[in-house]
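Peer 1: Handing you this structure, nothing more for now.
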Amino acid sequence: MLLGERVASELGIGGAQAGHEITVGDARMRVAGILEDAPHQSALATSIVITPAAARQLGMLPTVRTVHIGVTQGTASRVARYLPMALAPADPQSVSLKLPADPRSLRASLMTDAEQTTLIITVVMVVVSIFTVVNTMQIAIAERRREIGISLALGMPAWHIAAQFLLEAMLLGFCGGFAGMAVGSLMAAALAMGMGWPFMLPWTVLLVPVAGAVVGAVGGVVPAVQATRVDSAELLRSA
């Protein structure tokens, strides 16, 4: 048997006394060595390690035993194929294995979760941006109703008015996307420099202003249509 360092000290057994016999229950056991404290196994110093035969003699053999096996990185799956036969040749089916997560599978899972989270955040931001563009353009139309009415009264085509406001909405979205791209890139660069990481900017980031223009166009459709429905005659009479 093996005694933890603290247990051996309590029993008055030193490291030079390996081979000393002690009584455990009704059995006499020989001390084969002393276990010292380990960095990650401090409990060993207060433990008593006995063989399966001794545990069976004392009636302490558990029905389920746990064995921790350390292997070289990347060889866990190959080693696992031979463990059941090595641990229980008579009944390999009784051995159940729990392998650590494969780094590649774990990385793929984390990347999938990150992509899904990014997609959800992007959808929410797009919806919020569309509502922001709609509200901004409606305020602009309300402030320029008189100008719109005069333009329509002078013969300006309705589609020209709609195109003007739609272009303004697209420009608003483009500027917002460009500003977001610039600020986000600067923050990412600063974080990468602070952490000592290499900074790489994918070319797809350059499409953010274009996507902003598309979002602005979608948000500007309703205000542009509303601008063409301004009653110029009513505005002129109220003037």
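Here the Cβ of each residue, glycine as well, is placed from N, Cα and C on the backbone.
Keep in mind that TrEMBL annotations are predicted by a computer and have not been checked by a curator.
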Peer 1: For the transmembrane segment entry in TrEMBL, name the matching range from 150-173, 174-197.
Peer 2: 174-197
Peer 1: In the domain 'ABC3 transporter permease C-terminal' (120-229), how many residues does DSSP assign to helix, to strand and to coil?
Peer 2: 97 helix, 0 strand, 13 coil
